[in-house]
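For reference, the structure is listed below as structure tokens.
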């Protein structure tokens, strides 16, 4: 018989715990049930495995309320029978628990209730390996019933109890697959670089991969009015589980936005599971539910255990004894005998942070703009093709349009081109003769194309692409005989390759990340990791579209955050591409062409123009500053030495060339394999020992590289030098000096010295031959980047000021808000506001507070065992190419020369301007860093409260090799140059205020209103919104109160 609902005052409410013993005796369950029991209003009955599995339901204990949830081996149907018989109040209803075992039904149910989920599609198989006509798999996507999912995408078994989840990566990021699984030791995922094809042995859900900044959020509800959220490092990043000294996985409580709280309420109601855990993805300003787990408790949070016990108590009383008061007693029963903790003895050592932290000045923001690491020389082959096979290939991939060009990037497309080229080369060789120089050159170029396409293990679509552009057409009869149609008979083929991050570049980027971790943030390395792991470090990494830049960013992130494993998952998880901000020179192409033309005049005119109006105090103000005197006299020497090196490489390539000339069936050459975008991760000692070029460049391609440079540098027929080739000659010299010194090329040292002398003058002047021109070109190239930097700085200041205002207002509101400190501590926190308030869309007022759609994670201070939860640092890293570094530096150096800023001092001090003038090159891994500090002892309205510190590094230059000492020998063996340390751009002790920085940069930056509007939902900017309601909520949340005894402050 059921128990009457109107239980007497003296009669205790019975709570049946009908759960497998393994779950009953878990620490969180024990902590919460002990607290419920301590109220004295409840009798708790544990059924036990024997009763649940063996006894008939009629003999099971009778209870008023039932806690019952599925786990492995649990007889859910039997428990349903008991529930029908006794009709207890169910904390989690039983029928919907069947839904949780099928991911398809979970997603359908979420959609039915309007809860956002990732875009997905289901592939259902009745038998393993069943072919389905609606499922298509290609190299970089799968298509389900016409809906296409591009890599990266996620593959989940439909069985909710199968935790083997795969993520497949695009070939542009290196390809491969990461398998996620239940934690084994300290691993939660494993990367398989060679797995490209999806599974076919069962039914799967395919869903869009959501970039979340490498963080997972788990939400725990206790009834529809309470939700607690915790974040952890996503297993997608490197698969290493972060654990505390007790061996528990490290998770930190984070604040939910109002919209997310509403989602938690809806999940709880939709599945009728009062105690329910679910996974939340925060991506690009929106939130999505990607899994619902059912009964789940937070681990290792005593504050949460208190809350959960209080909420469940109210739930039980409302269901079975509504006449009894559910008001929480002023002191919780299990707290009565606890000594009050004092904060007096607390130090600030817990966060492991020293340096400026803890003094009056706090680091608030680090912004770094970084050039990519060491790369192979960039190459280009151009040839006109008339061969039918190549023209047909162009038509195959441009949709059959005779006048449309096509780009070949994917492995399949490049394999097609390689097959065609292999067939054409024997024919080309048979027609060779000394008298037919044009045919000979064409055959050589085809061989070069073939050699590039066959170069294995080093390039992918990011690094190697082919463009086919039709040039001539004829009219031919249509295949059906009716009329004529156009057909191309000649096309221009352009093959671009090279520019790959080398093993040295990867090592440099990782080491620079480590350097930043240990030196840019107070705390000697542990400070940053502590901030990051506790969600007080807001990190975003941006990269241009180029593979070498993306991989530099990923390797840097690996060093910065002390990650492990391959770069592909780190790249996809943590690096955002923004080509409009970090790629391209289109905005300044005409000005740069004009600068190059003037530069050509200056060089060919000799020393006369360079040294007109020279100021000994301001040498950088003259046209063409940095060029050597009588620069034109060095050009013949440059050509002569280039010929000498080219001839040596030709002889080295001869053997390779002869071997290729021997007849062999082209089909025995291994097929083109979609190689990894990572470049080489380690130096190939075997190749070096065998006397071969470093990397995967053979002598044939090395010769092609030098022969092209030699020909382009000087046109013998016209007797004309091309000064735009000087940087490329210097680039090749530098690469071979570092990576191919074992080939002992005679004259390479001398060639490098001449090329460096000229390049040191040419390269900076390509971005403007005088400061005014440099400023104009720089502002055009870096306009969007400068705008984003100003947004970053402004957002940081707004957040810091909001926190400061909260602290200042705390004393005024503490009397009313904390008249009873205990009442606040023991009341139900996190209760939701009305849903109509949460559903309000963002208004225009919020636009200025968040000009980008960056995902945010905020530590929840009330539940965090962290000593300084208000401490928060924003880091923004921008990885780009040489052009953007030069452009940014030029704006910082010369912004005061703009008409609108006449009379203003330069942002860069005189001594730094002098050093920069002598710094000829911003080499690989060169960087500019802006650090924003807040002096918390200065008034909020004083501009000096926020100051900027500017530093730069010239990167990994070759100067250490010039000493020819032991260090130089060691560097040559490793093929890796050290990165020069940062140099200040301001005088020591000077104060560049943020206000001044904004005034000086704003004329050259894209205005905030020109950036795309943020797609941030209501609540994301609300963490630090200045509205009265949010201020009040934050004052309640933030533990700034000196006498609080709630954990650590």
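Heads up, the Cβ atoms here are built off N, Cα and C, so glycines get one too.
Note that this is a predicted model, so its numbers are computed, not measured.
The N-acetylmethionine annotation in Swiss-Prot covers 1, and the record cites similarity to another entry as its basis. The substrate binding site annotation in Swiss-Prot covers 22, 23, 182, 183, 218, 232, 296, 297, 298, 299. The ATP binding site annotation in Swiss-Prot covers 103, 156, 163, 182, 207-210, 216-218, 234, 279, 291-293. Taken from Swiss-Prot, the feature region 'Polyphosphoinositide-binding domain' covers 354-428. Among the features that Swiss-Prot reports, phosphoserine is placed at 820. Among the features that Swiss-Prot reports, region 'Disordered' is placed at 835-856. Here Swiss-Prot flags 835-846 as compositional bias 'Basic and acidic residues'.
The structure, with features from Swiss-Prot marked on it.
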residue : record                 : Cβ contacts under 8 Å, 6 or more apart
22      : substrate binding site : 71
163     : ATP binding site       : 180, 181, 182
207     : ATP binding site       : 118, 119, 120, 121, 149, 153, 154, 156, 290
209     : ATP binding site       : 151, 152, 153, 154, 167, 572
216     : ATP binding site       : 231, 232, 233, 234, 235, 279, 281
218     : substrate binding site : 229, 230, 231, 232, 251, 277, 278, 279, 280, 296
292     : ATP binding site       : 100, 106, 110, 267, 271, 273, 276, 277, 278, 279
298     : substrate binding site : 28, 220, 228, 230, 304, 305, 308
For the binding-site residues 103, 182, which one has the sparsest Cβ surroundings, going by other Cβ atoms within 10 Å?
182
For residue 298 (substrate binding site), the three-state DSSP class is coil
May I have the DSSP-based helix, strand and coil counts for the residues of the region 'Polyphosphoinositide-binding domain' (354-428)?
28 helix, 23 strand, 24 coil
Residue 163 (ATP binding site) falls, by DSSP collapsed to helix, strand or coil, into coil
Where does residue 209 (ATP binding site) sit in DSSP terms: helix, strand, or coil?
coil
Collapsed DSSP category at residue 22 (substrate binding site)
helix
Mind computing the max CA-CA distance among 22, 23, 182, 183, 218, 232, 296, 297, 298, 299, which the record assigns to substrate binding, rounded to whole Å?
25
Coarse DSSP state, helix versus strand versus coil, of residue 103 (ATP binding site):
helix
Where does residue 279 (ATP binding site) sit by DSSP, helix, strand or coil?
strand
